[in-house]
Amino acid sequence: MEMKKVSSCFSTFILRLLSFTSFVSSQSDSCSSKLTVSNLIPFNTSSLTCMSAWSSEGFILRYENAGPSLWNFVLSAPEKGAYIAIGFSGNGRMVGSSAMVGWKSSSGVGIVKQYYLGGYSSNQCPPDKGSLSLVQGSSLIVSRSSRLYLAFQLSTAQPQSSLVYAVGPSNSLPSSGGYLSTHRDMASGPLSSSAGGGGGGDDDGDDDEHGRKGDGEGESSSGRKRGGDDDRDGEGAVARISGGGLSLAKKHAVLTIVGWGILLPVGAAMARFLKHHDPLWFYSHFLVQGVAFVVGVIGALAGFKLEHDLGDGRDVDAHKTLGIFVLALGGLQVMAVLMRPKKEAKARKYWNWYHHNVGRVAIVCAVANIFFGLWLAKEARDRSYGYGIFVGVWVVVCFVLEEWRRKHVVECAVC
């Protein structure tokens, strides 16, 4: 009886282990494995160079220079109910590039379109536009074992040297007209021009060794050089632009919200309602506003870097201009502290008026720009609601404290 129980438990364990192994293998693709959909692709895939284009998102790129004016590409990525994209850029930026985008529709039909990425919004990235010279009948997307395989051929002597990768929001497909929602994540990396008849593709067991031919030596987001044997899967050639972990876009959002959107209003409230605790109010106000300024400046610099990486987009000009205005007001406040007159000076009341009102304008503009930025980034509503709740609570608390201050505190005119 005991032996039967042990045998039954052991059999169950083995079956579950095999099931788990099968599931894991279905979720993965690598340069050491065969291209399982080669029989479905309308061009020869036996000599494709392979590289791990974006390991954090599971992007595998196989490609080759198949002739004087012919390039073959097969991009594979996990199937998450979203589009996958590969763009060709002369400078590594998204804006101004042309991209091949593919997804599996809700009816199970694979859809592949070329896009011209003219900006950040959907209407600035029209479908069936772009400068890529596609070989007719070569483009398709195949779904196999929970992965998407986007294949296409370019009729060109040399594609643009920088590749831009993107993945759409999970479980959110493009509209019926083919217009894309904002990508969930994005990265870029170089395209090696020496990919001719290398490994990858269908070569059994030799793909990883030959596939490194296409990796080159690149720089990751940490700035560390990686290549050759130190970068077996080519991830060193990819520079993260956004998403995954804490991306540059998310860093920009978090830093500006914490600096300009939370600490700045809190520090202003300290100066307003803690005057009866002298000198605690002054040191608290000075410390919090100082941290707010530093964090806000770092967030603004992240925004400039983000714009540089993604390219110029007209629809962020207003957000950028308002952000620079807030940054300038913050700088003026720092300069004002350095030129603060003594309490006995006649100019002190004018300095107080200037310092208080410039601070108020900075807070209003910062809060407005944060909501505007969240809207531009098409962040989830709960994030905007979360920050909105903080602003609402801050306003109510300030109103209550202002009423209390009027009744209990006699404000010094020169404080």
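The backbone N, Cα and C atoms fix where each Cβ goes, glycine too.
Small disclaimer: the values here were computed from a predicted structure and weren't measured.
Summarising the annotation, TrEMBL assigns signal peptide to 1-26.
Per TrEMBL, domain 'DOMON' is recorded for 57-168.
What TrEMBL records for 176-236 is region 'Disordered'.
If you look up TrEMBL, you'll see 222-410 marked as domain 'Cytochrome b561'. The domain 'Cytochrome b561' (222-410) scores a mean pLDDT of 80 in the predicted structure.
According to TrEMBL, the feature transmembrane segment maps to 253-274 (among others).
If you look at the transmembrane segment (286-306), the same-chain residues 6 or more away from its ends with a CB under 8 A from one of its CBs are 241-242, 248-249, 251-260, 262-264, 266-268, 270, 320, 323-324, 326-327, 330, 333-334, 337, 366. The transmembrane segment annotation in TrEMBL covers 286-306 (among others).
Sequence annotations record features per position, and here TrEMBL assigns transmembrane segment to 318-338 (among others).
Among the features that TrEMBL reports, transmembrane segment is placed at 358-378 (among others).
According to TrEMBL, the transmembrane segment annotation covers 384-401 (among others).
Between the transmembrane segment (253-274) and the stretches 318-338, 358-378, 384-401, Cβ pairs under 8 Å are most numerous for 358-378. Broken down by DSSP into helix, strand and coil, the domain 'DOMON' (57-168) contains 4 helix, 61 strand, 47 coil. The list of residues near the transmembrane segment (358-378) in space but at least 6 beyond its ends in sequence, with Cβ under 8 angstroms from a Cβ of it, reads 120, 181-182, 249, 253, 256-257, 260-261, 264-265, 268, 296, 315-316, 318-319, 322-323, 325-326, 329-330, 332-333, 336, 384, 387-388, 391.
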